[in-house]
Amino acid sequence: MELHFGSCLSGCLALLVLLPSLSLAQYEGWPYQLQYPEYFQQPAPEHHQRQVPSDVVKIQVRLAGQKRKHNEGRVEVYYEGQWGTVCDDDFSIHAAHVVCRQVGYVEAKSWAASSSYGPGEGPIWLDNIYCTGKESTLASCSSNGWGVTDCKHTEDVGVVCSEKRIPGFKFDNSLINQIESLNIQVEDIRIRPILSAFRHRKPVTEGYVEVKEGKAWKQICNKHWTAKNSHVVCGMFGFPAEKTYNPKAYKTFASRRKLRYWKFSMNCTGTEAHISSCKLGPSVTRDPVKNATCENGQPAVVSCVPSQIFSPDGPSRFRKAYKPEQPLVRLRGGAQVGEGRVEVLKNGEWGTICDDKWDLVSASVVCRELGFGTAKEAITGSRLGQGIGPIHLNEVQCTGTEKSIIDCKFNTESQGCNHEEDAGVRCNIPIMGFQKKVRLNGGRNPYEGRVEVLTERNGSLVWGTVCGQNWGIVEAMVVCRQLGLGFASNAFQETWYWHGNIFANNVVMSGVKCSGTELSLAHCRHDEEVACPEGGVRFGAGVACSETAPDLVLNAEIVQQTAYLEDRPMSLLQCAMEENCLSASAVHTDPTRGHRRLLRFSSQIHNNGQSDFRPKNGRHAWIWHDCHRHYHSMEVFTYYDLLSLNGTKVAEGHKASFCLEDTECEGDIQKSYECANFGEQGITMGCWDMYRHDIDCQWIDITDVPPGDYLFQVVINPNYEVPESDFSNNIMKCRSRYDGYRIWMYNCHVGGAFSEETEQKFEHFSGLLNNQLSVQ
């Protein structure tokens with residue numbers, strides 16, 4: 001089996017002129033397309049690479065800077081042997097178009113003044129630059145002259161280019177003759193398994209390193225090949241490390257084959273995220289007809305070490321994602337394996353990383369530490385959802401040689417940072433082939449449909465359906481992840497309205513139960529013998545996937561601060577009785593002179609995810625609550641429980657049914673949902689819903705609870721009715737002590753906030769906070 005990276009579209013190798021110190025956001029296959037939308041700027045950029053007039057000074061242009069994507073950055077120009085910047089004075093969108101075309105993009109989307117991507121270094125080559133937009137190079141635009149400026153680097157200009165590339169674009173490296181300073185962008189590279197022991201393995205871990213040049217795959221001569229080169233190649237394909245291999249078998253194979261060698265060699269330091277960041281090594285020798293040869297050498301071979309999660313030794317290894325006993329770093333909120341918000345463990349508490357100076361090198365250290373390859377993207381701006389708790393690290397700067405992110409240089413001060421700047425990663429992971437073993441059929445778009453899986457039956461591979469009985473959102477999440485389609489937005493137990501493949505109507509999998517961490521549906525628990533009484537044509541499992549999902553988190557501090565006891569007369573609890581917010585013994589309480597003891601508290605539920613939280617049921621299924629005078633869209637939105645220390649429920653009578661709305665929002669975010677006037681219900685991303693301690697049913701009835709030590713627990717979205725990017729933080733726990741008159745709440749925290757060791761100590765913590773008893 002062969003591993004591919006990108007696609008060779010220009011028929012040759014493209015060379016990218018960049019220095020190793022540049023922070024590159026990602027290296028993925030360029031999605032060249034033949035058609036592009038109309039341009040809103042005039043003159044309209046043309047969709048081909050323009051030739052530079054012979055009488056114009058030759059320059060190189062690149063995009064650089066921090067906190068950027070691959071198609072944006074500070075404009076830097078290579079002139080007279082030195083890189084410099086461009087001042088933002090008189091810069092325009094027309095000049096930005098010229099810059100973007102010069103680095104291979106079809107147009108500019110915008111430009112940024114005042115060193116938005118950080119101040120550069122060296123000379124400021126151009127100032128007061130004026131372009132019409134038709135120029136083929138920035139050197140053709142008028143300016144004050146080379147190096148004539150009154151600007152400072154705080155005025156360095158940046159551009160944001162369209163992500164669409166110019167078809168067949170090739171970087172011109174003729175200006176720079178110092179070959180060791182070149183970086184190389186390979187359009188196509190693969191690990192080709194040679195030995196029979198590796199040909200049918202998933203993932204492919206060993207073989208020739210080959211580059212596609214034109215229509216031919218070519219080997220790389222091993223005369224200048226190093227272990228550092230292997231380290232980078234393995235990282236590209238999702239492996240954290242490389243190992244030695246047996247060269248004798250490959251030497252025998254090479255002697256029997258006619259080989260075609262690539263004309264270049266490469267020189268990596270081992271810290272690069274991709275070989276396109278490596279320097280170009282010495283050219284290989286040529287034979288009389290100018291073909292590249294490898295005198296006294298043979299093709300370069302890599303042998304990579306997969307982490308346990310991707311080990312090919314047996315399917316039992318894939319039951320759950322690999323998790324060490326005490327990890328120091330983890331990923332949260334990502335849709336795919338190997339992506340998420342980066343969180344680190346410090347003093348027993350998990351916290352996030354501020355994205356200041358966050359780059360691909362630091363992200364790669366995280367990825368390798370977790371058992372993946374290098375990073376293909378360093379994510380900034382909490383694009384994978386906001387974390388909670390402390391921000392442990394800021395201004396992280398790794399060299400790429402570190403074994404752990406905590407070994408890197410960083411600033412422990414997080415002044416000026418907030419969770420809107422949480423850093424994340426997308427890591428390279430091995431190609432396992434799981435995506436080819438499941439498909440969606442019959443849906444209205446590629447993101448939905450009946451689930452069909454490929455299984456072995458009587459020695460043959462056949463497609464079939466999955467029984468929809470007990471099919472839920474957790475199982476749907478695994479399918480969407482396996483297909484690379486993000487999160488599940490819906491799980492369907494009936495799919496009669498979707499006409500799947502008629503040759504896949506037989507049920508081949510039933511009783512599926514997933515934990516949510518599996519890499520594929522086949523790794524979930526399921527029946528050995530298929531049992532689906534209702535059949536799979538009408539009751540086949542289905543899913544709808546989405547690129548984003550909400551993430552609800554309860555503010556534990558608010559709960560701890562607002563908890564108190566109230567003895568409330570039964571005469572004021574008639575609505576609560578009707579809504580079953582009191583324990584069963586309340587029916588025997590004197591309605592005129594009796595009272596109930598209520599544990600009251602406020603709940604502030606935040607949506608820290610990437611999309612709005614919407615109730616599963618449509619308006620037609622909402623229930624009118626006469627006492628509250630509004631509709632409740634979710635009958636079971638939360639559980640409020642008081643538990644004994646062994647987990648037994650000791651109290652009943654609490655609020656479960658909810659109306660969902662935006663009480664407050666962060667910054668400039670606008671409220672979208674309200675309960676009044678039969679309004680739309682939900683919680684907007686970046687907003688929160690506040691249930692104050694003084695509203696009906698916002699309590700637990702503890703009238704019958706004896707004094708003692710207890711666990712207070714709140715569970716949001718307990719039945720997983722609405723999909724979220726992270727269900728682990730839906731639980732909030734507190735230790736509580738009740739002496740018959742007062743109650744103390746302490747150590748309130750959401751699930752996953754602390755290490756496993758700290759969580760175990762939680763049961764035995766003796767600290768107390770005093771909460772007073774109020775009597776009405």
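Glycine too: its Cβ is placed from the backbone N, Cα and C atoms.
For Cys367, the disulfide partner recorded in Swiss-Prot among Cys294, Cys304, Cys427 is Cys427. Candidates considered were Cys398, Cys417. The record in Swiss-Prot pairs Cys408 in a disulfide bond with Cys398. For Cys87, the cysteine that Swiss-Prot lists as its disulphide partner among Cys141, Cys151, Cys161 is Cys151. Looking up Cys100 in Swiss-Prot gives a disulphide bond to a cysteine among Cys12, Cys141, Cys161, identified as Cys161. Disulfide pairing as given by Swiss-Prot: among Cys141, Cys278, Cys294, Cys304, Cys221 connects to Cys294. For Cys532, the disulfide partner named by Swiss-Prot among Cys467, Cys480, Cys581 is Cys467. According to its DSSP assignment, Asn730 (Ca(2+) binding site) is helical.
Under DSSP, Cys748 (disulfide bond) is assigned to a strand (E or B) in the three-state scheme. When Cα-Cα distances from Cys514 (disulfide bond) are compared across the binding-site residues Asp551, Leu552, Asp726, Asn729, the shortest belongs to Asp726.
Secondary structure of the domain 'SRCR 3' (329-428), assigned with DSSP and counted as helix (H, G, I), strand (E, B) and coil, comes to 16 helix, 38 strand, 46 coil. Residue counts for the domain 'SRCR 4' (438-546) under DSSP (helix as H, G, I; strand as E, B; rest coil) come to 17 helix, 40 strand, 52 coil. Considering only the recorded positions Cys581, Cys675, Glu724, Tyr691 (2',4',5'-topaquinone) has Cys675 as its nearest partner by CA-CA distance. One way to see the shell of the Ca(2+) site is to take the Cβ centroid of Asp551, Leu552, Glu724, Asp726, Asn729, Asn730; the remaining same-chain residues with a Cβ within 8 Å of it are Pro550, Val553, Asn608, Gly609, Ile716, Asn717, Ser725, Phe727, Ser728. Glu724 (Ca(2+) binding site) carries neither a helix nor a strand DSSP state and counts as coil.
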